[in-house]
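Residues annotated as transmembrane segment in TrEMBL: B:18-39, B:59-85, B:97-120, B:140-158, B:198-222, B:242-264. The domain 'ABC transmembrane type-1' annotation in TrEMBL covers B:62-266.
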Amino acid sequence: MSITIDRIKKSFGKFQALNDVSLDIPEGKLTALLGPSGSGKTTLLRIIAGLESSDSGRVLFGGDDVSNLHVRDRNIGFVFQHYALFKHLTVAQNIAFGLESLPRRSRPSKQEINERVAKLLEMIQLPQLADRYPAQLSGGQKQRVALARALATKPRILLLDEPFGALDAKVRKDLRRWLRALHDEFHFTSIFVTHDQEEALELSDQVVVMSQGQVEQVNSPTGLYARPESRFVFDFLGHVNVLSGVVKGQSLVQGNARVALPGVVNNQEAQLYLRPHEVQLAKAPVAHARLPLRIEAISLIGSEVRIELAPEGWESNEIWEVGMSHGEFACHNPTRGELWYAIPAVGHLFAGDSAQPETVDWHSTAHASAANM
Amino acid sequence: MSAEQHRVGDQPWVRRSLIGLAVSLTVILLVIPVVVIFTEALSAGWSTFSDNILDEYSLHAIGLTLLVALLTVPLNLVFGTALAWAVTRFRFPGRKLLITLIDIPFAVSPVVAGLLYLLLYGRNGWLGGWLSSHDVQLMFAWPGIVMVTVFVTCPFVARELIPLMQQQGSEEEEAGVVLGASGWRIFSKITLPNIKWALIYGVVLTNARAVGEFGAVSVVSGNVRGQTNTLPLHVELLYQDYNVAGAFAAASLLAAIAILTLIAKAIVEWRQSRIEHPAPKTGGA
Ligand SMILES: Nc1ncnc2c1ncn2[C@@H]1O[C@H](COP(=O)(O)OP(=O)(O)OP(=O)(O)O)[C@@H](O)[C@H]1O
Ligand SMILES: [Mg+2]
């Protein structure tokens, strides 16, 4: 069932938590609500669920206005951040709760309920824990029980509020994969809240980036990463290397850093945003860029070597990061304290006050210089 | 072991003297008076004791006291639960004020409370005049006694529940409503088990106070033997009549009720903890 959010506004006292939010959540897809703390993700999710009422605007499920429908009758699954398992009921009773709450005429028989619960316990791989109480479960187990409980009544919509927030990295990864598999099997429409960009990009079909009660951008994970539409999204999604300076003589200049920007208006301030993978390192500057940096740290863990660098003779608010394959690393063997030059291949320029970036491509020249390394 | 000896206050003499002080204070302040009540009550022998208890007026006082408790406890149970629910689950203007107002019966002396009721509902009171013209007498009759007892004891249940319900939050109830449960089902299956302890504790306190209330009741009862005399008032009347053995016999009943409530509470808590924390079963992760 698709979900449409139509000009939702919500304030708590004087504080505007949601400011005119409109969204389309496609049927059968996994959508991530991503944003910093306090950006209104939970509030939006609760309004969709009906746990909170909006000041104005509508929520539609599959085209039907449900704004005035009680939570009880919306037939959605909701997974709370802190699980919210019923602590006085066993795991099996927790899972059965939704089925037993159905009105008498649509309620399955006791035996059918037991069978359904047994099946769900199989699905979450915890059949041996049916008679335990929530207090006797680990965090990951609780989270799986919470999911099974939400799915017991076969809702068409599943809402998850930071479902893996309180778990350690390993368990998170497992549960993420598991949720993805579950989703592919049952095809419910789900929205999950997260402030972990990696989780959002890895798990979802569509990412909604929120900030200060507004939707910043909606796109697929790849689209979002490749084409951020605002500084905010840029900063928020993954690491970004920034050179901010003044455009002079068709170049962005700051200190002794310089990047050629053909065709950009002179004498205005501008920021150049570069993703770690859009930059390579070389021993000497090239015609279109001179960005001296000194190596501060090298991290070998992971599929890529991550190199942290500090500007030399110019300034940047945050440290620069460049990725390099292990093969390349072995070949050039950069070491801490050495001076290297960053060579951008593609960049994103925010010139003047413009909110939208402009993509700059030095690709052909960058190729030539990379060979120099 | 040796490292632990250096923990603050863990030296043997500190521990021993603290425990000694606690035990002797308990004995002096709590145990001895209770023992004295029973020994005094039985000092003239069992037959005198039973005569005192089975005396017509005593029996009536016992009955009236039980009636008051029987009416007060359920009333305040419902009232306290509803109130705690309202102030912890909903936001509304005046909510904070309401939480403060709950404490009025604690802050006001019971005698003052009794006088207030007399002023309101007494024959010459604001409402009393209208009531007596309709042949309803509340003051100097058992309804008045119940009314002031309800007033005096109404904070107990709410006061026990509010902090607990605030701390537990409403997530479990929200989970219940999302799963389609009706209001009653949420209350009985989710809320009630969560607040049961506090509720029982509130009931025990309410009951103890309802049975033992003296000040407010003495103002509105009129102390008519065999009509509006509760047990605590009866104790005082007997004592003023120089019937010391009788007074202590009645007092021993009050003490016995207190001890019984404590035992009942202990049993409930013990059973509760066995239900809530059964021995963990073995099973893989
Ligand atoms: N019941 C409430 N009363 C008052 N303010 C609230 C209430 N609920 C949320 N807010 C405010 O609304 C804003 C958005 O809150 P929300 O919980 O939606 O943020 P969030 O994006 O989920 O953040 P987080 O990632 O920290 O969970 C916050 O500034 C918060 O303080
Ligand atoms: Mg949140």
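Every residue, even glycine, has its Cβ placed from backbone N, Cα and C.
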- Message: Six or more residues beyond either end and a Cβ under 8 Å away: which residues meet both conditions relative to the transmembrane segment (B:18-39)?
- Response: 9, 248, 251-252, 255, 259
- Beyond the flanks of the transmembrane segment (B:198-222) by at least 6 residues, Cβ under 8 Å: 65, 68-69, 72-73, 76-77, 80-81, 109-111, 113-115, 117-118, 139-140, 144-145, 147-149, 151-153, 156-161, 164, 192, 228-233, 236, 254, 257-258, 261-262, 264-265, 268-269
- Query: Going through B:59-85, B:97-120, B:242-264 one by one, which has the most CB pairs that fall under 8 Å from the transmembrane segment (B:140-158)?
  - Reply: B:59-85
